[in-house]
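Asker: Pulled these from TrEMBL:
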{"type": "SIGNAL", "residues": "1-18", "note": "signal peptide"}
{"type": "DOMAIN", "residues": "9-56", "note": "domain 'DUF4124'"}
{"type": "REGION", "residues": "55-87", "note": "region 'Disordered'"}
{"type": "COMPBIAS", "residues": "71-82", "note": "compositional bias 'Low complexity'"}
{"type": "REGION", "residues": "105-127", "note": "region 'Disordered'"}
{"type": "COMPBIAS", "residues": "113-127", "note": "compositional bias 'Basic and acidic residues'"}
């Protein structure tokens with residue numbers, strides 16, 4: 001309880017000190033003096049010690065907008081769209097590879113449908129080859145993908 005009262009009193013003291021004024025005057029020896037209390041029988045100036053307000057306007061003329069070729073801007077936008085589409089395709093491909101790899105590693109008894117429409121079991125040698133191929137594709141294409 002005593003600590004909280006001390007902290008509260010200290011906080012109040014700090015906020016009241018921040019809002020006070022500073023007084024400036026020149027003493028009898030010609031030196032400029034500053035104080036929180038005004039001098040007796042001496043002319044003084046009151047100084048505000050708060051932070052200055054931010055500058056609202058600009059100091060110089062804004063630069064003229066650069067001339068932009070609309071065709072070039074459109075071409076750049078189209079190129080960005082294509083890059084984004086490729087990145088999305090790569091993300092999808094890498095996610096599918098990760099899913100396939102997990103399935104191959106977690107399920108030793110996999111089956112697939114062959115060209116004749118018959119369901120056949122994948123042998124262990126072929127499963128290991130598929131795991132190696134999938135890992136190689138992941139390393140080659142998906143290094144930068146999470």
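Every residue gets a Cβ built from N, Cα and C, even glycine.
Show me how these features fit into the structure around them.
Answerer: DSSP places the residues of the compositional bias 'Low complexity' (71-82) in helix, strand and coil in these numbers: 12 helix, 0 strand, 0 coil.
If one looks beyond the compositional bias 'Basic and acidic residues' (113-127) by at least 6 residues along the same chain, the residues whose Cβ comes under 8 Å of a Cβ in the stretch are 104.
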